[in-house]
Amino acid sequence: MIERGKYQSLTMVNWNGFFARTFDIDGLVTTLSGGNGAGKSTTMAAFITALIPDQSLLHFRNTTEAGSSQASRDKGLYGKLQPGACYAALDVVNSRNQRLLFAVKLQQVAGRDKKVDIKPFVIQGLPSHVKPTDVLIESVSATQARVRQINEVKESVAQYEGVQFKSFSSIVDYHAQMFEFGVIPKKLRNSSDRSKFYRLIEASLYGGISSAITRSLRDYLLPQNGGVKKAFQDMESALRENRMTLEAIKTTQADRDLFKHLITESTNYVAADYMRHANERHKKLEQSLSLRSELFSSRETLIEQNRLLNQVQQELEMLVESESALEQDYQGASDHLQLVQNALRQQEKIERYQEDLEELNERLEEQSMVVEEAQERVLMAEEQSTVAENEVDSLKTQLADYQQALDVQQTRALQYQQAVQALEKAKVLLSDSTLTAESAQALVAQLTQSEAEQTQALLALKHKLDMSSAAAQQFENALKLVHSIAGQVERAEASRYAKAAIQQARSAQQVVQNENQWRAQHRDLERSLNQQNQAQALVAEYQKAHQVTLDDEVMFEQERERHHAQLDSLEIALEENRELRSEQRRQEQDLQSDITQLQAIAPKWIAANDALEKLREQSGAELADSQSVMSQMQQVLEQEKQLSQAKDKLAERRSQLESEIERLASPGGSNDPRLKGLADTLGGVLLSEIYDDITIDDAPYFSAMYGPARHAIVVSDLSGIEEKLVELDDCPEDLYIIEGDVDAFDDSSIKAEELEGAVCVRLNDRQMRYSRFPVIPLFGRAAREQRLELLRSEREEVVEKHAKAAFDAQKMQRLFQAFNQFVAEHIQVAFAADPEQALVIARDKRNQLTRTLAELEAKEQQMRSQIQNSKQALTMLDKLAPMMAVISDDTIGERFAELEEKIAQLADAKQFLNAHAKAVEQLESQLAVLDADPEQFDALEAQYQSADSQLQALKKQIFALSDLVERRHYFAYADSVDLLSKSSELSEQLKAKLVEAERTRSRYRDELKQQQEQMNQYNQVLASLKSSYQAKLETVQEFKQELAEFGVSADEGALERAIRRRDELHERLHTSRSRKSEYERTLTSTELGMKELAKRLKKVQKEYVELRTFVVAAKAGWCSVLRLARENDVERRLHKRELAYLSAGELRSMSDKSLGALRLAVANNDDLRDALRLSEDNARPERKVLFYIAVYQHLRERIRQDIIHTDDPVEAIEEMEVELARLTEELTMRENRLAISSESVASIIKKTIQREQNRIRMLNQGLSNISFGQVKGVRLNVKVRESHEVLLNGLATQQEQHKDLFETARYTFSEAMAKLFQRVNPHIDMGQRSPQVLGEELLDYRNYLELSIEVNRGSDGWLQAESGALSTGEAIGTGQSILLMVVQSWEEESRRLRSKDIVPCRLLFLDEAARLDAKSISTLFELCDRLDMQLLIAAPENISPEKGTTYKLVRKVFKDHEHVHVVGLRGFGQEQKPKSEAQQMIEEFEA
């Protein structure tokens, strides 16, 4: 690692108080400690004077004068010196371990100004053991010494081998030497640099934040950059070249823009209107066809609806008439039903009352029987009670009279015997041995009934016999009854006829009894017959509707199955039709989507096709597919590359020629423009200028003789040239300098020998140079002019070839660009199928699908109608289903006729009964009279005798049985027989019997009483029943009378017939009303539809007539427009197919926009302006075509035939584009130089700014952790001024926007920069500065930056570093940090100027360090240690010498002589740094 150079010591000779004092400078901090006036400031002044020996800058003052503008006249230096020679010397060891003694000799100059003469010098290579005082002071004796003069010093130094002494006549040279050896951080080229350095040292010395430095931080921290000036020169040259090209481009652009603008706008203006008329004509034709189709269809629909309306009206009239009759019938049926229902209710009442009567009659009979039984029981009870009473009385009598009792018992025994006899007699008469007394009573009843029958028969015979014998009149009456019934009959037949009449009456009764059954059958058959008639009507209606006759149930089932199958098939077909329609609609939507897509693609395809055709014309290739386009594009690219390479070679050759011409045209013909400046700097003349007048024949010789030195600089004296050459910053690698008289140059010093075609030059005894004559000599003006003439001729030829090659290359490049643009924009669609043909096909398919959809809808409507018919048929069949059983039954009529006959018989029977019922009833009672014919009396008498004998025998039996029954009580007297034999026991038995008899009597009395009470109750019930029966009977008679008044038949059949008729009429009426409502709705809707249709028909007819008139009228105008366009060959330019897909509004908008642009474009051309004004008449579209033709004719006249070889303005635009591209390319090449120059200006400034920002950021890192009092850090902020940043952006990226500044001859580049700055920052006042001055300032990047210093102080954070905001110690520490940053910046800036193995010394000062506290001083020590810096401070006596080296200064006065006593002390807290290997080797060598 390279070590930093260090100050080793400061030697002061003959200063006030210091005759010969050397202060060793510590590697860290050197402290000068002492009281006031001890000499601390003097010591520092000596150091600074040796460092900056410029009296115009040196001004040593104390801190009280820090802000004073006026100070002592000697500026603090004169008074610090003793008379005579004085020295201040700095002993330095640099990074190369070279010992250097930089010193200044100072001597007071007598006079009022108190000036000091300063002469700097340097001693290099002084041995380490030799002290500076050894060469500056000469010892006269052991106690006396003398200050040597500078010459003596030089002589003294000369005694040391290798030691060099060098004095300097200028401070610049002195500082250049110091910079070269790494003593100062910056190269001080002039007084400004020295002033900056001195200000830094002064600020360091007095401490604090120097306003002089902080205000000029940019000058201190930011180095200059000469690259901008170079960029400025490049830009100025590029601007000059640009202006000529720009004028040519502007001319071509003006023509191109005029052609392009007029063609584009006129084409848009006329073509938009042209295509709008074409589209409108096409649309009007389609619209007229559509209106005509609609008109015809509307007429047919109107006729159909009118026919339907008339039919509906007729049916409605018929329906209204039938509905009125139906309403009357329905009302009558409702009234009849009401009567039948009332009659039925009355009949129900009668029947209910009759039932009650029958029930009352039954109850009455039952009650009568109950009463009779009760009477019998009462009689029996009375009889038993009487018997019991008699028995008791008898027993009492018998007990009272025993003989009587005995007689009674005898009587009873006799009665018992008679009863037994009677039983035996009865058994004999009846021949029944099982007969008993108990069974005799039942048998008596049977025989009594037989007796009654036989008695009746006997009485009848007796009656007949009596009648026959005594009542002939009765026979006549009965015969009359027979005659009234059967008419005149024979007397013998009267009985037969009477019986027949009675039989007929009985038959009639039976017929009447069958009335209900027959009526029910009649109702059923009538219902069946009605069903049959209704079914036949439905069959007829079905046959009328479906042309099918339903003969039987088989046919019915077949028809039902057919309709079900038809329904299923229709449903399936309807679903298929619906799916098919959905599919057709989907296809229609797809087609519509395809049409929309094709319409969207069509303009792109048309544009692509046009571009493809244009490419085919330009390239001459077929370009059948994309592959051929790509291959042709590759061929064009290769051709363009070949042409571009040829053009580039020509351009390169042109550049070479121009460079050579420029070089040859320069003074001396030097190929390096820097030589002229160097010649001026060195005070010489170019050798080529001296030989400028030689002849062309001598030019080869002299050119070969001087060889590489032909561009040498001739100077009058070589002394001092080396020093000047060292100061050169920029010079050629080889620079030849020849000493000679410029006015009378002599080449005799060159030992040259001319050979054949060459020159041999002997440089010295060991070197020689052989140079052949150049083929093209350039030495001398004559040779250069000859060469220039040839080069210029060649350049013209090359320029012409380059222009042609550039034109061809540009044309090929435009062709490649056209290919490239085609590939980028159109290749995807160019080779696709023609969308217009696809559109025609798609539209045809869509129309076909529309027709198919209409057919499908009609078919669906038809199927729905068939489905409806089938459903109606099935409904009719469902109605017919229950009736089909009767429709084929032919017997219903016969049975109904038979029942009608029976009903008629019933009527006859009722009529017979009504007529002869009473007669038959009388006749039936007198029928026997007719049988008893007087002629038959004997037979009747014999029959009577026989019947009487039988009756008598029966009576005997009954008598015997009755006697037995009467004597049945006597069987209880069986014991009386025994009592007769036991008379003794008779009394006791009688008493017992009496008791039993009394008990029996009591029981019989109770029973009698109960039976009498019960009979009374039964009699009461019987009386109430008779009363109820009578009342019910009267009510029934009244109800029958009321029922007779109704005049209707009150039976279930009548009600059912009435309800059925009422319901049938109601259904028919409801159906009629529904049909009427439907007809009325149909009528209303049809009338409304006809009105709307008629209105629409009128409107359509009117529109059609108007549209047809318009179409016919427009056709003639369109034909004239079309003929005019074809005759003038503009149809292909006006008929833009892509415009056909735009709406009329879009086309009109396009035309209007173009019209506005054309008005401005042709404002200065009377002919075109008049033509445009005439073309604005929309009623005359041909005038727009005439305007387009006029524009074309005008443009043909404007074509520049010198550069364009066509009469077509469109092709002329293409050629102008090529020419413009060629000129633009030239401009671009120059603009690239301009852009590169301008961009380089901005780039250099930006990069420099960025580099400096990074460098300052690195500097900040070293100061971020320092601490002085409350200050915890120091940093430097750098930012670009906003106004200048806008300028940089405008300069770098907005060149096109600011061309008017940089491409005009009115402004230089600096002025253009100033104008640009004013343009982008209009708010900034420029003051009195001229644009040139401002522009030069803007070329300095440092003016773009703003620098500020901030400190991190306490709770305030980062704030601006100002002395007023900081304490004294904080300000001093901050100031030292800032100065250290400046020093570091200078070192970085000057690194490229010095040797890489040199690291400069770094030292600062600080006077009156007592203003810092111990912590701040410690921070300074640490800062010096960290940054490898040396610090020289003057401190009071209270500074502790812990680190560094401390010198104790005490000024002592001895008589008239002052002396500063110095005691040196190295800090005890300082660590000894390890010595480097070089230092150890030097110490060992010196030892």
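Using N, Cα and C of the backbone, Cβ positions are placed for all residues, glycine too.
Around Gly37 (ATP binding site), the same-chain residues at least 6 positions away in sequence with a Cβ under 8 Å from its Cβ are Arg1451. When secondary structure is read from DSSP and collapsed to three states, Gly37 (ATP binding site) falls in the coil class. The ATP binding site annotation in Swiss-Prot covers Gly34, Gly35, Asn36, Gly37, Ala38, Gly39, Lys40, Ser41, and the record cites sequence analysis as its basis.
According to Swiss-Prot, the coiled coil annotation covers 297-426 (among others).
According to Swiss-Prot, the coiled coil annotation covers 460-666 (among others).
Per Swiss-Prot, region 'Flexible hinge' is recorded for 667-784. Here the region 'Flexible hinge' (667-784) has a mean pLDDT of 76 out of 100.
Summarising the annotation, Swiss-Prot assigns coiled coil to 781-806 (among others) and lists sequence analysis as the type of evidence.
Marked as coiled coil by Swiss-Prot on the basis of sequence analysis: 836-1111 (among others).
Sequence annotations record features per position, and here Swiss-Prot assigns coiled coil to 1210-1266 (among others).
Annotation: stretch 460-666 has the most Cβ pairs under 8 Å to the coiled coil (836-1111), among 297-426, 460-666, 781-806. Counting other Cβ atoms within 10 Å of each Cβ, the lowest count among the binding-site residues Asn36, Ser41 belongs to Asn36. Other than the site residues Gly34, Gly35, Asn36, Gly37, Ala38, Gly39, Lys40, Ser41, same-chain residues with C-beta atoms no more than 8 angstroms from the centre of those residues' C-beta atoms, the ATP site, are Leu32, Ala1434, Leu1449, Arg1451. Candidate binding-site residues: Gly34, Gly35, Gly39. Fewest other C-beta atoms within 10 angstroms, Gly35. In terms of DSSP helix, strand and coil, the region 'Flexible hinge' (667-784) has 43 helix, 26 strand, 49 coil.
Note: Ala38 (ATP binding site) has non-local neighbours Leu32, Leu1449, Val1450, Arg1451, Val1460, i.e. same-chain residues 6+ apart with C-beta under 8 A of its own C-beta. Of all Cβ atoms in the protein chains displayed, 26 besides its own lie within 10 Å of the Cβ of Lys40 (ATP binding site).
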